[in-house]
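S.K.: Let me give you the structure first, and then I'll get to my questions.
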Amino acid sequence: MQPVALLMCFLFANVLLYNPGVTGSGSTECSCGRNHFTCTVSAFGECTCIPAQWQCDGDNDCGDHSDEDGCSK
């Protein structure tokens, strides 16, 4: 196997192992569980979960402001 192909397989396997929302079918579903807020899925398919109490607290905890969108000021 070519080194580049081996590296690509390794990287893809890591994405599947460490980003449980990435299904390999092209769609991403994130499930953060109880008492957590699911940030908007990144362009790379990464899921980010933050404690629910951090939502609408005035801090950009998700990095894309999705935890502050729609909150009253």
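Every residue gets a Cβ built from N, Cα and C, even glycine.
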S.K.: Look at the disulfide annotations in TrEMBL and name the partner of Cys71 from this list: Cys49, Cys56.
M.R.: Cys56
S.K.: For Cys71 (disulfide bond), list the number of other Cβ atoms lying within 10 Å of its Cβ atom.
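M.R.: The answer is 11.
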